[in-house]
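Copied from TrEMBL, the annotated features are:
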{"type": "SIGNAL", "residues": "1-20", "note": "signal peptide"}
{"type": "DISULFID", "residues": "CYS30-CYS42", "note": "disulfide bond"}
{"type": "DOMAIN", "residues": "56-201", "note": "domain 'Cupin type-1'"}
{"type": "BINDING", "residues": "ASN100, HIS105, GLU110", "note": "oxalate binding site"}
{"type": "BINDING", "residues": "HIS103, HIS105, GLU110, HIS149", "note": "Mn(2+) binding site"}
Amino acid sequence: MSLTVAVLFAVLLHGRVTLASDPDPVRDFCIANTDSATNIPCKNSSDATVEDFIFSGIKSRGRFSETGLASIPVNVNSFPGLNTLGVSLVRADFEAGGVNVPHFHPRATEVAYVLEGKIYSGFVDTKNKVFAKVLEKGEVMVFPRGLVHFQMNVGDKPATILGSFDSENPGLMKIPAAVFGCGIKEELLEKAFGLTAKDISKVRKNLHLC
């Protein structure tokens, strides 16, 4: 093997290894600087206090939506102490019959732990196979990164889930809003789903999208 080929191979191999994992941290923490007047990404560590590492916003449930879901995300946008740490949470409360519509997180795998209630929970893989089961208090389910998943309270009492993510900002794409929002031409939706313009208008009205 020539020296040139050997060097090129080493460079390519190093690049593949580097891309296979997150970089090692170079500081103990990097509390996100919320002062938009500066370009400094991290709060001065000498100004950090214990309060920078505490979030109290999920002690109580949030407000229920029309689908019977109340969710409180705990990501870097609401909790600057998570910055660069690669983790986040969500508290999700369900009324009886409440639904967390099919959705996915483009940047994270989710582990969902049932704190209270009975939740029909599942995801769909890229072969359109559905993996779903009713989970009860104390059970855990994982939703692989980027796969569509869903939840519904099938009990007669409120239910609560705590979800954890391997990203400080996992992102959220709700399928109904993403598909039937105002940005996609009706003609395409009609052909894709076998719907009429009237059907699409009704869906958008029911979902309060347009």
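Cβ coordinates are placed from backbone N, Cα and C, and glycine is handled just like the others.
Bear in mind that TrEMBL entries carry predicted annotations, made automatically and left uncurated.
Overlay of TrEMBL annotations on the structure.
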| residue | record | Cβ contacts under 8 Å, 6 or more apart |
| --- | --- | --- |
| CYS30 | disulfide bond | PRO41, CYS42, LYS43, ASN83, THR84 |
| ASN100 | oxalate binding site | THR67, LEU69, SER71, ALA92, PHE94, PHE150, GLN151, MET152 |
| HIS103 | Mn(2+) binding site | VAL148, HIS149, PHE150, LEU172, MET173, LYS174, ILE175 |
| HIS105 | oxalate binding site | PHE143, ARG145, GLY146, PHE165, SER167, PRO170, GLY171, LEU172, MET173 |
| GLU110 | oxalate binding site | VAL142, PHE143, HIS149, GLY163, SER164, PHE165, PRO170 |
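If you take every residue in the domain 'Cupin type-1' (56-201) and average the pLDDT, you get 96.
Same-chain residues that are not part of HIS103, HIS105, GLU110, HIS149 yet have a Cβ within 8 Å of the Cβ center of the Mn(2+) site turn out to be PHE104, ALA108, PHE123, PHE143, LEU147, VAL148, GLY163, PRO170, LEU172.
Summarised by DSSP class, the composition of the domain 'Cupin type-1' (56-201) is 22 helix, 59 strand, 65 coil. Look at the Cβ of each of the recorded positions CYS42, HIS149 and count the other Cβ atoms within 10 Å; the largest number goes with HIS149.
Residues ASN100, HIS105, GLU110 make up the record's oxalate site, and a Cβ search at 8 Å around their centroid adds VAL90, HIS103, PHE104, ALA112, PHE143, HIS149, GLY163, PHE165, PRO170, LEU172 from the same chain.
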